[in-house]
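K.L.:
I am attaching a structure below and will ask some questions about it afterwards.
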Amino acid sequence: MEKAKQVTWRLLAAGVCLLTVSSVARADSLDEQRSRYAQIKQAWDNRQMDVVEQMMPGLKDYPLYPYLEYRQITDDLMNQPAVTVTNFVRANPTLPPARTLQSRFVNELARREDWRGLLAFSPEKPGTTEAQCNYYYAKWNTGQSEEAWQGAKELWLTGKSQPNACDKLFSVWRASGKQDPLAYLERIRLAMKAGNTGLVTVLAGQMPADYQTIASAIISLANNPNTVLTFARTTGATDFTRQMAAVAFASVARQDAENARLMIPSLAQAQQLNEDQIQELRDIVAWRLMGNDVTDEQAKWRDDAIMRSQSTSLIERRVRMALGTGDRRGLNTWLARLPMEAKEKDEWRYWQADLLLERGREAEAKEILHQLMQQRGFYPMVAAQRIGEEYELKIDKAPQNVDSALTQGPEMARVRELMYWNLDNTARSEWANLVKSKSKTEQAQLARYAFNNQWWDLSVQATIAGKLWDHLEERFPLAYNDLFKRYTSGKEIPQSYAMAIARQESAWNPKVKSPVGASGLMQIMPGTATHTVKMFSIPGYSSPGQLLDPETNINIGTSYLQYVYQQFGNNRIFSSAAYNAGPGRVRTWLGNSAGRIDAVAFVESIPFSETRGYVKNVLAYDAYYRYFMGDKPTLMSATEWGRRY
């Protein structure tokens, strides 16, 4: 379909210059509208603006016409009158780019220095930070100083570097004498906490002359956190200096936990810390003493610190450490240390039942496990497998017939056309706005409508937006079923497993790109793609852009998954963790556990929360997909369940 559309696009473009006036008449059919839309887009890309202007009036009834209008306005935003932009935004209140256009035009009016026009166009605070800075600067320019200073303060108090457009607002605020030096200290604290050393240095250098002593100390501390003890001893003890010292101390602990541990008494004395503040420092160091390389003395100190801690996440980390080393006594100790609310989590209820089974208290344990089985997800399935019972999936059925009123309207019409043109990311923006505006019942119908139209990613997105967790068919559609069947055929990886990986990685959005460069359905990095193509002699791949094509992505992704699956003896726990965190880390974790623990303990003891959640999800998703493919939804194979880790 994709290639056919590209060929059609080229053929249509070839005839653009041959258009006659009669051919510009309004298109009657959707196919004709699509044809004209393609011609206009091609003409626009070729800068044939006379053709664009000639053809656009004939497409006013086409659902994607507002996108053409948007491009027309933004291509010449520097010369647009405010009334044109205002009318467009008002006429298209649900169009995603119209929502960003307001902020863009605020910035344009600021460039023109039309301050009154800016406030007339945007009487309310705009959305983006840059536009807000221009908005409050306009307030100052029109004599509304108090509102300007209030806005400046709100925009100032962040640890991030703000856009250049904010500089002039901050400058007039400072010149007015309304900027309290304490505002500098507060922003320095936020920047220090965010690790923005450059901003800390700039801000400290701008402080008034009578603050130069503390400013110099701040700059030294930001550039070299190891001077924290000197900072603590040479500055007066205030809430600000304590907070700065704590941030620097955390940096020291990341580099040298033992040095930080030994520093705590001196730091506490110099900054007059109370017990809660001292415990915060202990917690910071305790997090860094969870490895296998700690001494007995460090381990005792760590456990003493955690025993006094109020940090639930730190205590949970200690529970997982006990699980990872097969320390049953420690497991019991640290589970008991958890607060009641945390004990109600699925994972800790399961491990409490596990301890009860070990003590022969089978009835109590099974009661907990049966209660868990009433829920959905990883641990409810684990509970069923633990007591040898079948896990019953709870599936809510969405209405097969969708209310026609939901499928009408400009938003749905735009979604249909965007999906036709394979503009998935833009369609997702439209869809998100549409789904968010509906009731839960309507969201279920929209999920079903997307499912019926094979808009797999939109089906999933609707279930997430509506928290429709038991609508499993719409949450886990058999997307790209034929492609997965073809590219897992002859491989050892089950089709359901490959689909579970893709569902976890992309939620079935074929055009998604991660911030680090992973692309497409199975979120493949360009380097991984190149290596896999070479290793498996996959023909036809030449550039990372091809990873956005579903077939190419599935071909390469299933090949790489097969590679890691075979590396780890066809064990999905290992290969899933390796797909997410890398094979090297999985081997390290296996070396640490050294065959002392079972499968569930290994999963729960994975130190990276993202990877731990990833493995749990993939195993559960695999079970769902096996169910929809006609198999039993067992979480783990007998081999995976029975081996030691």
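Along the chain as shown, the residues are counted starting at 1.
Keep in mind that glycine also has a Cβ here, set from the backbone N, Cα and C atoms.
If you look up Swiss-Prot, you'll see 1-27 marked as signal peptide. What Swiss-Prot records for Cys133-Cys166 is disulfide bond. The region 'Slt-type domain' feature in Swiss-Prot is assigned to 492-582. What Swiss-Prot lists as active site is Glu505.
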K.L.:
Looking only at Cys133, Cys166, which of these disulfide-bonded residues has the biggest number of Cβ atoms within 10 Å around its Cβ?
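P.N.:
Answer by Cβ density within 10 Å: Cys133.
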K.L.:
Helix, strand, coil residue numbers for the region 'Slt-type domain' (492-582) per DSSP?
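P.N.:
Across the region 'Slt-type domain' (492-582), the residues distribute as 56 helix, 3 strand, 32 coil.
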K.L.:
Measure from the Cβ of Glu505 (active site) and count the other Cβ atoms within 10 Å, all protein chains considered.
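P.N.:
Summing over all protein chains shown, Glu505 (active site) has 23 other Cβ atoms within 10 Å.
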K.L.:
Report, in whole Å, the straight Cα-to-Cα distance of the residue listed as 'active site' from Cys133 (disulfide bond).
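P.N.:
For Cys133 (disulfide bond) versus the residue listed as 'active site', the Cα atoms are 37 Å apart.
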K.L.:
Reported as an integer number of Å, what is the Cα distance between Glu505 (active site) and Cys166 (disulfide bond)?
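P.N.:
Checking the Cα atoms of Glu505 (active site) and Cys166 (disulfide bond) gives a distance of 38 Å.
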K.L.:
Give me the mean pLDDT over the region 'Slt-type domain' (492-582), rounded to a whole number.
P.N.:
98
